[in-house]
Amino acid sequence: MSEPHVTALPGATVSRLPGYLRALHEAEESGVEVISSVELATRAGVHPALLRRDLSQLGSYGTRGVGYDVDTLIREIGRVVGDRLTWPVVIVGVGHLGQALAHHKVLRDRGFELVGLVDSSPDVIGSRITGVEVRPPDELAEAVTEGHAVIGVITTPPGEAQGVADALVAAGIRRILNFAAQPLEVPASVTVRAVDLTGEMQVLVYHEIHER
């Protein structure tokens, strides 16, 4: 597996590309072959000017007055975010959230391959989820190495997250998705994306309270 060579993009732009790709796939499934920037922006939930600016950094794939060829744009954005490659993933923490992610069909459809599951509970160790055996924490490094994992997902309780992150980094993982709502200390060479579900819901509650 080799990563596509792309020019470095601003972090904010990169964070929006998956949304554009999702919207394009939905348009394609609806039979849309050419899409305007306004329609694509609406589907992706962003302003058309922002979308055009983001896409202009990838190259010139649109035609003024016509729009974007859906298939071409899917291919080009997919090239940038590695959508056409396979990315092996290890999930640490096989509770409800970890199991839901393991069963997530869209992840598989977008090239993410589950190669390892790790949990400390004797109740789940040795069981299989989507054909992958749940292993104990002391076999995390083996799960990473044997599966050639490049992404680690943390779905443990917050108090366990730092130790898991340390173990993932020691095993060679440099890209971590953290659902544990706990800030992680990692080397500068490691990228962490944090997903705080409770925090996001509290933001929604704020808007519900103050925007009635």
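Glycine is no exception: its Cβ is also placed from the backbone N, Cα and C atoms.
Listed features, source TrEMBL:
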{"type": "DNA_BIND", "residues": "19-58", "note": "DNA-binding region"}
{"type": "DOMAIN", "residues": "82-183", "note": "domain 'CoA-binding'"}
{"type": "BINDING", "residues": "Gly93, Val94, Gly95, His96, Leu97, Gly98", "note": "NAD(+) binding site"}
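Model confidence over the DNA-binding region (19-58) stands at 92, taken as the mean pLDDT rounded to a whole number.
Residues within less than 8 Å, Cβ to Cβ, of Leu97 (NAD(+) binding site) and separated from it by at least 6 positions along the same chain comprise Thr155, Phe179. Those residues of the chain, other than Gly93, Val94, Gly95, His96, Leu97, Gly98, with a C-beta within 8 angstroms of the mean position of the NAD(+) site C-beta atoms are Ile91, Gln99, Ala100, Leu101, Asp119, Thr155, Thr156. Less than 8 angstroms from the CB of Gly93 (NAD(+) binding site) sit Val118, Asp119, Ile154, Thr155, Thr156, Pro157, Glu160, Val164, Phe179, Ala180, each of them six or more residues away in the same chain. Under a cutoff of 8 A between CB atoms, and with a sequence separation of 6+ in the same chain, the neighbours of Gly98 (NAD(+) binding site) are Ile91, Val92, Leu117, Asp119, Val153, Thr155. Taking Cβ-Cβ distances under 8 Å and a sequence separation of 6 or more, the neighbours of Gly95 (NAD(+) binding site) in its chain are Asp119, Thr155. Remark: secondary structure over the domain 'CoA-binding' (82-183) totals 36 helix, 27 strand, 39 coil, with classes taken from DSSP. For His96 (NAD(+) binding site), no same-chain residue that is 6 or more apart in sequence has a Cβ closer than 8 Å to its Cβ. In the DNA-binding region (19-58), the DSSP tally of helix, strand and coil residues is 28 helix, 2 strand, 10 coil. Around the Cβ of Val94 (NAD(+) binding site), the same chain contributes Ala102, Leu117, Val118, Asp119, Ser121, Val124, Ile129, Val134, Thr155, each under 8 angstroms and 6 or more positions distant in sequence.
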